[in-house]
Amino acid sequence: MTSLSVLIKDALVEDLGTNGDVTTLATVPQHAVAQATFLVKGDGVVAGYEAVRTVFEQLDPEVYLQWDVEEGSFVRAGTPIGKIAGSARAVLSGERLALNIMQRMSGIATTTRAMVDKIRSVGSQARLLDTRKTAPLNRVLDKRAVEIGGGVNHRFGLYDAVMIKDNHIKAAGSITAAFERVQAYLNGHQDLKPMEIVVEARTLHEVREVRALDGVTRILLDNMVSIDKTTNKVDASVLQAAVDFIAGKVPTEASGNVSLETVADIAATGVDYISSGMLTHSVNALDISLKIFSMQAQTPTSHGQ
């Protein structure tokens, strides 16, 4: 897993290269000091504070950053959420990276919050999960944004949980065979930490097969919801039948066709978890800007005179 500090360091190298911010170096005096405000230009949930702080700390540890709105809050367009003051060169050089991160994370948090609200609107306590459908090397930020929005993280990668899906089942020959191979593998690798075993089922027949297995952590009910293209009505009857058959014996997770339009109907079936790739693969970034309101040239203190 890429740590936040390493991720930010690599992102700064990508942006600054070996020459640095040549425009800022050419136009802004070395000791100039800037003060600026982070301004949200759309309605949404703000996220990304820790990452933004890390950006500016790596450029200049003396930069001062203050957040005036709690992270995870829903704000309206035009709301100032924080201030930054310090080296003008550091502020300008880190501006775009900081905003890129905050805009993406806030967009993810906003969609997550909206989906969680839909789930709660039908009286469901189902937990909303993210997926591995994240921007490459950006997973730590994408998944953190989901948490800030009120969601829960699914497995972080391929290494920390078992998820038996259709292609694994094809390779093994059946759901039962795939599950038995997983158990044999884990028994032969005692050095691995205990991990969840999630098994996918796409039909009611497969649901019956999975439920009969001992040791399954969760049953992933995949693509059991459809939408009538004529009426736009959500049909969750197959999912409902699967949940009813499982009857709480094993935790359930619904996946596939999960959107703001369908999630309430999905939640109403009584599933325990709902996973949605759209939280992180189809991000609608929240518009945020950094407005400089003061720029002063400073002369370094002279000693020995």
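Glycine is no exception: its Cβ is also placed from the backbone N, Cα and C atoms.
For 21-106, the entry in TrEMBL reads domain 'Quinolinate phosphoribosyl transferase N-terminal'. Sequence annotations record features per position, and here TrEMBL assigns substrate binding site to R96, T131, R132, K133, R155, K165, E200, D222, S255, G256, N257, S276, G277, M278. Residues annotated as domain 'Quinolinate phosphoribosyl transferase C-terminal' in TrEMBL: 108-291.
All features noted in TrEMBL, drawn onto the structure.
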residue: R96; record: substrate binding site; DSSP (3 states): helix
residue: R132; record: substrate binding site; DSSP (3 states): coil
residue: R155; record: substrate binding site; DSSP (3 states): coil
residue: E200; record: substrate binding site; DSSP (3 states): strand
residue: S255; record: substrate binding site; DSSP (3 states): strand
residue: G277; record: substrate binding site; DSSP (3 states): coil
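Of all the binding-site residues listed here (R96, R132, R155), the one with the fewest other CB atoms within 10 A of its own CB is R96. Mapped onto DSSP helix, strand and coil, the domain 'Quinolinate phosphoribosyl transferase N-terminal' (21-106) counts 36 helix, 24 strand, 26 coil. Its Cβ taken as reference, S255 (substrate binding site) is surrounded by 24 other Cβ atoms within 10 Å in the chains shown. The average pLDDT the prediction assigns to the domain 'Quinolinate phosphoribosyl transferase N-terminal' (21-106) is 98. Around the Cβ of N257 (substrate binding site), the number of neighbouring Cβ atoms within 10 Å comes to 20. Sorting the binding-site residues E200, G277 by the number of other Cβ atoms within 10 Å puts E200 first.
For the substrate site listed in the record, the two most distant Cα atoms among R96, T131, R132, K133, R155, K165, E200, D222, S255, G256, N257, S276, G277, M278 lie 41 Å apart.
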